[in-house]
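S.K.: Questions regarding the structure given below will be posed in turn.
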Amino acid sequence: MPLFKSRIKSALVHRREQGLTRQLKVLENSNGPLLTSEGSSFINFSSNDYLGLANDSELVDAWQVGLSQYGAGSAASPLVTGFSPAHRNLETQLCEWLGFERAILFNSGFSANQALLFSLLEKDDFLLQDKLNHASLMEAGMLSPATMKRFKHNDTQHLESLLSQTPQSLVVTEGVFSMDGDQAPLRQISSLTNQYDSWLAVDDAHGIGVLGDNGAGSCNAAQISPDILVVTFGKAFGLSGAAILCSSEVGDYLTQFARHHVYSTAMPPSQAVALSHACQMIQTQEWRREKLTELGALYAEQMNGVKGFIDTQTPIKPFLIGEAQAALSIAEELKRNQVWVTAIRSPTVPIGTARLRITLTANHSQEQILQLTDSLLQAIERSNDSGSKPSIESSFELKKEAQ
């Protein structure tokens, strides 16, 4: 059997034997609070559309205006003919809102993170990353010529011990962690990077739009200004794409050397128009963040004290189960009550820390939150009665060790 065919077959067999096979599901209306699968309706608690913009008629109209003005696509990379007034306007809005000199646009957060690390890091550099950073950051760090070390999750003492050995490093953390919903201690991390003459880059994919004054994100909430800020448009913005916010000089550097930017077709200008409108909606429609806070408090009130419940100050509400099969079983039980929650398993999270990743949006109602919590409590009780009790206590220990 040819090498690649054999390798592919072996990897697929191994993944199936582990019970970790992933599959695409065709869903309708999945950008709203109610999705449809195979003719059945479910309350959607798996979306990253935190502010409920993805299917908002105001934002849809803005994109249609952009389509009428600019047509369907950009037709070229930014440095050829793909950079329009709509792109420039979006960059300017982001800079004025978030307090940076330059914004460089990308087609995804994954490509923005990879472009950042690949273009900045050289052979003798040191990269220090939080152990729970996104796969895009970890992969870029491992493939870069720099020496990468990981510090324990949100552990500033461990970070300082590494910085004391390797000053003038690039420190990278997320603002809000996508699988745990917790926040980085940004003020302390910023202080350490200043102390050890290092740079700080923050990926705020899950904080922008949700935290801070007028939704300006995790760094604004922590009252810090990192050297580099990555924001993505696929969560609170309700769209897709990303931007790197930085100084004018770093922006010039990325324009020359960030290959994901230089050699990719620019996002459609109509999308940039819609993103500019999303910026305005995020900053002016405070009721969306207030609604999220209200729903988060209701969820915590119902689940507080239940084993597996993890309290967070963000829309991401992980419920820790432990074993992968138990997490899948409870997720399926929830579907029988018309509640759609995704079970997250290895390799996305460490073995033994499988969880339900519950996400709240401003489009949910209090009644839907109560249906979620009632259904989850019933599913856990049935799981315990059937003898397949989730290994919640052991999973906490495994998670602690993994960090």
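Any Cβ shown, glycine's included, is placed from N, Cα and C.
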S.K.: Would you identify which residue of Arg16, Arg22, Arg259, Arg288 Swiss-Prot lists as part of the substrate site it also attributes to His134, Thr348?
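M.R.: When Swiss-Prot describes the substrate site, the candidate it includes is Arg22.
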S.K.: Looking at pyridoxal 5'-phosphate binding as recorded in Swiss-Prot, which candidate out of His206, His260, His261 goes with Gly109, Phe110, Ser178, Thr232?
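M.R.: Looking at His206, His260, His261, the one Swiss-Prot places in the pyridoxal 5'-phosphate site next to Gly109, Phe110, Ser178, Thr232 is His206.
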S.K.: Taking only the recorded positions Gly109, Phe110, Ser178, His206, Lys235, which one has a CA atom nearest to the CA atom of Thr348 (substrate binding site)?
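M.R.: Answer for the nearest of the recorded positions: Ser178.
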S.K.: Using the recorded pyridoxal 5'-phosphate site (Gly109, Phe110, Ser178, His206, Thr232) as reference, state which further residues of the same chain have their Cβ within 8 Å of the centre of those residues' Cβ atoms, listed in sequence order.
M.R.: Asn113, His134, Ser136, Asp203, Ala205, Gly234, Lys235, Ala242
S.K.: So how far apart do the pyridoxal 5'-phosphate binders Gly109, Phe110, Ser178, His206, Thr232 get, largest Cα to Cα in Å?
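M.R.: Of all Cα pairs among the recorded pyridoxal 5'-phosphate binders, the widest measures 13 Å.
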S.K.: Going by C-alpha positions, which of the recorded positions (Gly109, Ser178, His206, Thr232, Lys235) is nearest His134 (substrate binding site)?
M.R.: Ser178
S.K.: Using DSSP, would you call Thr232 (pyridoxal 5'-phosphate binding site) helix, strand or coil?
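M.R.: Its secondary structure by DSSP: strand.
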